[in-house]
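According to TrEMBL, the protein carries these features:
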BINDING   Gly83, Phe88, Asp106, Ser107, Ser108, Ala134, Glu135, Arg153  S-adenosyl-L-methionine binding site
Amino acid sequence: MEINKEKFIEKLESGIKKLNISYSNEQLEQLWEYYLFFIQENKKYNLSTITEPEAVIKKHFLDSLVILNQLDLGQRKRWLDIGTGAGFPGMVLKLFLPGDSFYLLDSSSKKVNFLNQLSYKLGLTGIDATHGRAEDLAQIEEWRGSFDYVCSRAVASLNVLLEYAVPFLKIGGFAYLYKGPEYKEEIKEAEQALNILGAEIKETIELDVPGLKAERYLIVIEKTDLTDKKYPRRAGIPKKRPL
């Protein structure tokens with residue numbers, strides 16, 4: 001597949017401008033390098049079925065960046081991306097929030113290996129890709145209740161995802177969870193999980209990703225109380241028996 005750098009950068013820059021996000025030429029170059037390494041390593045690791053340049057720009061890069069306008073960017077934050085895959089949205093957000101600390105969590109060691117190689121290649125600091133399960137790491141003291149923000153795309157239904165995400169948050173921290181058009185039904189099913197875990201829905205935002213026709217929504221969850229130590233339950237149980 002022949003990839004034209006100039007066209008890639010042009011489409012990427014056009015999309016970022018439409019999102020009304022500040023950017024630098026260095027960030028555009030980093031996303032170009034990200035794409036090249038992603039395409040190269042995808043042959044080995046099967047990172048994603050979405051590989052065509054324009055599709056990656058829209059469905060991975062811009063879709064990851066669209067939440068930047070929803071954030072309070074005043075102070076440095078500590079982030080966790082659950083089920084990060086090839087780094088969407090966490091690695092992409094790191095490029096635009098270089099002062100924030102990012103932890104990228106995935107249960108695939110191949111994807112974690114890719115991300116650690118990528119962060120080294122891009123010269124990033126304050127980012128760590130970790131192989132593991134949310135259910136296990138959330139029971140470890142230095143992980144539990146220690147994050148300002150948790151983000152996640154396409155990992156599980158909302159009631160399951162809440163059990164993964166909320167225990168990691170500080171009280172007053174927020175989870176930014178990407179969802180599709182079925183989000184209203186998922187919110188209904190998640191009412192009990194919210195009550196049990198000590199969280200509430202702050203808002204639901206319809207996202208407008210340039211060039212992407214699919215309906216995208218951001219569910220913003222605020223942690224309001226301590227989560228009982230028995231949550232999350234052991235690996236596999238949240239998905240098998242949702243709250």
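From the backbone N, Cα and C atoms, a Cβ is placed for every residue, glycine too.
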Give me the non-local Cβ neighbours of Ser107 (S-adenosyl-L-methionine binding site): same chain, 6+ apart in sequence, Cβ-Cβ under 8 Å, ordered along the sequence.
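Once residues fewer than 6 apart are set aside, Ser107 (S-adenosyl-L-methionine binding site) is near Gly83, His131, Gly132, Arg133.
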Sequence gap of 6 or more, Cβ distance under 8 Å: name the residues on the same chain that satisfy this around Ser108 (S-adenosyl-L-methionine binding site), in order along the sequence.
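Ser108 (S-adenosyl-L-methionine binding site) has long-range Cβ partners Gly85, His131.
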For Glu135 (S-adenosyl-L-methionine binding site), just give me the three-state DSSP call.
helix
